[in-house]
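> According to TrEMBL, the protein carries these features:
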BINDING   CYS36, CYS39, CYS42, CYS46  [4Fe-4S] cluster 1 binding site
BINDING   CYS68, CYS71, CYS74, CYS78  [4Fe-4S] cluster 2 binding site
BINDING   CYS140, CYS143, CYS146, CYS150  [4Fe-4S] cluster 3 binding site
DOMAIN    26-56  domain '4Fe-4S ferredoxin-type'
DOMAIN    57-89  domain '4Fe-4S ferredoxin-type'
DOMAIN    131-160  domain '4Fe-4S ferredoxin-type'
Amino acid sequence: MGDSINLGRRRLFGRKADNAIRPPFVREDTEFTDICTRCDKCIKVCETGILFRGDGGFPEVNFTQGECTFCQACVDVCPEPLFDKLKSPPWTLKAQISDACLTQQGIWCQSCRDICEPGAIKFTPAVGKPPSPHVDLDACTGCGACVAPCPSHAISLPPGNTA
Ligand code: SF4
Ligand code: SF4
Ligand code: SF4
């Protein structure tokens with residue numbers, strides 16, 4: 001009975017679940033949508049407000065609202081065995097910069113570099129055009145802080161973009 005319910009949930013939500021960014025520290029040996037009860041507790045407690053009710057009512061991350069501080073408030077409040085507090089790194093997300101970057105159009109911009117605390121965004125000097133950014137994947141924590149300040153929405157953290 002339980003198995004058939006889980007299978008149904010996976011059919012209903014599985015496709016989207018593959019593309020959704022779940023909260024940090026989620027265990028990898030579980031199917032998130034099988035265990036999450038959609039209670040919203042993690043969403044309410046997130047200090048930066050990046051968690052929202054996504055497809056099917058399951059929590060997802062939206063970096064356009066802010067960054068993840070890895071504070072673990074969501075981990076602590078969740079009543080289900082979904083999280084591993086000791087998971088390191090907390091997730092494998094990495095920032096990716098697209099061709100929409102203003103420097104690709106000859107416009108000077110370094111907003112992302114200024115916001116990145118670990119200094120993971122480096123600018124390569126170029127002759128006759130502004131320096132353009134690239135992400136040092138080893139240094140990037142996937143915090144998402146660089147997403148919102150980018151004036152051309154060129155930065156994302158796609159779930160498949162892992163180091
Ligand atoms: S770790 Fe903190 S900032 Fe990050 S999603 Fe959880 S509650 Fe929000
Ligand atoms: S607190 Fe846990 S069970 Fe509740 S919505 Fe968040 S992840 Fe799901
Ligand atoms: S996601 Fe965070 S650590 Fe990675 S490049 Fe952006 S601001 Fe820097």
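For all residues, glycine too, the Cβ spot is worked out from N, Cα and C.
Just so you know, TrEMBL annotations never went through curation; they're auto-generated.
Note that the structure is a prediction, hence the values are computed from the model and not measured.
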> For each of CYS39, CYS78, count the other CB atoms within 10 A of its CB; which of these binding-site residues has the top count?
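For the binding-site residues CYS39, CYS78, the Cβ with the most other Cβ atoms within 10 Å is CYS78.
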> Could you check which of these binding-site residues, CYS68, CYS140, CYS143, CYS146, sit within 10 Å of CYS36 ([4Fe-4S] cluster 1 binding site), going Cα to Cα?
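If one measures from the Cα of CYS36 ([4Fe-4S] cluster 1 binding site), no binding-site residues come within 10 Å, so the answer is none.
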> Pop the Cα-Cα gap between CYS39 ([4Fe-4S] cluster 1 binding site) and CYS71 ([4Fe-4S] cluster 2 binding site) into the table, whole Å please.
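Taking the Cα atoms only, CYS71 ([4Fe-4S] cluster 2 binding site) lies 20 Å from CYS39 ([4Fe-4S] cluster 1 binding site).
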> Pick from CYS42, CYS74, CYS140: which of these binding-site residues has the biggest number of other Cβ atoms within 10 Å of its Cβ?
CYS74
> Spatial neighbours of CYS39 ([4Fe-4S] cluster 1 binding site) among the binding-site residues CYS68, CYS74, CYS78, CYS140, CYS146, CYS150, defined as Cα within 10 A: which are they?
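Near CYS39 ([4Fe-4S] cluster 1 binding site) by Cα: CYS78.
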> In sequence order, which same-chain residues at least six apart have a C-beta under 8 angstroms from CYS146 ([4Fe-4S] cluster 3 binding site)?
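CYS146 ([4Fe-4S] cluster 3 binding site) has long-range Cβ partners ALA95, CYS112, ILE115, CYS116, ILE121, ILE155.
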> Going by C-alpha distance, which of the binding-site residues CYS68, CYS78, CYS140, CYS143 is nearest to CYS42 ([4Fe-4S] cluster 1 binding site)?
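Closest candidate to CYS42 ([4Fe-4S] cluster 1 binding site), judged by Cα separation, is CYS78.
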